[in-house]
Amino acid sequence: DRICTGITSSNSPHVVKTATQGEVNVTGVIPLTTTPTKSHFANLKGTKTRGKLCPKCLNCTDLDVALGRPKCTGTIPSAKASILHEVKPVTSGCFPIMHDRTKXRQLPNLLRGYEHIRLSTHNVINAEKAPGGPYKIGTSGSCPNVTNGNGFFATMAWAVPKNDNNKTATNSLTVEVPYICTEGEDQITVWGFHSDNETQMVKLYGDSKPQKFTSSANGVTTHYVSQIGGFPNQAEDGGLPQSGRIVVDYMVQKSGKTGTITYQRGILLPQKVWCASGRSKVIKGSLPLIGEADCLHEKYGGLNKSKPYYTGEHAKAIGNCPIWVKTPLKLANGTKYRPPAKLLKER
C-alpha cells in the first residue's frame, strides 16, 4: 500500500519577503503597489482646485492679475488646492519690469498659497497728497485701460511731481501704509519705483541722480537704489517702446500692523492691496485641469488611488495619495507553500 499527503503538487509562483524568514513561497498574494503612468492634472476630489489665479481674465498672466494690470482685474476663486503652473512667472505685459532686482516673480506664487484672495475696494493711501507732492498720477500708453486709454497697474500709483515747484531733488520722504483689510487677513501691499535715462529723470522728477527706496513691514526691511539709464527701448505686448524700467516689490502686513515706505523721486506708491487668508496646498503642475482625481502628483499628474502604495518617481503629492515605496509590496493571502510530498513505502 502507498500513502500520500493531501498537498498540492504544483509549484508556487508567489514569493514574498518576510522580516524573519527572508524569501518565502506562498500559495497566494495580493499586490499592494502600483506604478503610475503620467497623466493630465485634474481637480482634486472633494475640494476646489485653482489653476489660473483669475480664470475669467482672458489673455492675462498670473503676474498681470497679481499686479492689477488694466483689463486683468477680476475675482480670484477660493481654493483648498492650487496648481503652480508658472514655475517662473512670465513678465507682465504692461510696462517693462526689472525682475532680477526684486522678488516680484514670487508674488503670484505667494497669492496662490492662500485659500481666499481679494483685492481691496479702495486705495490704501491718497497718492496725490503723499509726502513730496502734490503729485499727478502717471499713466502709460503701454498699459491701456478698459476704454483703451492710458492706464497703469491697480496696485500702484506712479507719483510724478505735479508742477515745477516740487519737480526737484528731495531728501528721503516717508509714508505710512495702514492696514485696511477688514477680516484679519494678511495684507499684501505692492509698491515699486520707476527709473529712466538722465534726460527723462530730469524731465519727470527734476533729478537725474540714483534714488533711494526702503520698505519695512512685519520685521522685514528692504533697501533699493535705482539704476539710471542703460536700458534699451522695450515694448510689452505690442505697446509703445519704453526707455525706462520699473522695479516692483511687495510687503506682507499682518492684521492691524502699519508698514512704511521711505522714498525719493520715481516712487510707485501702493494703492489697492491684496487681502488674503487661509491656506491652499500648492503643487507644481500644468493646465488645463481635466476631470477629477484622488491625488495630484508633481510627476504623474492626476492619480486615482487603486492601491495603498506606489513605486516609480518620488515627488510631492497632495490629496488622498498612495504612499511611495522603493520596491513593490505584496500581502500574502494564502498559506506557506510546501513542496509535494514524496511517496512513502510501507515498512
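Including glycine, each Cβ sits where the backbone N, Cα and C put it.
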Can you check which of ASN25, ASN197 Swiss-Prot annotates as N-linked glycosylation site? ASN25
State which of the following glycosylation sites has the fewest other Cβ atoms within 10 Å around its Cβ: ASN25, ASN59. ASN59
Cβ density check for ASN304 (N-linked glycosylation site), other Cβ within 10 Å (all protein chains) comes to 15
To which of the glycosylation sites ASN145, ASN166, ASN333 does the lowest count of other Cβ atoms within 10 Å belong? ASN333
If I take the Cα of ASN304 (N-linked glycosylation site) as reference, which of the glycosylation sites ASN59, ASN145, ASN166 has the closest Cα? ASN59
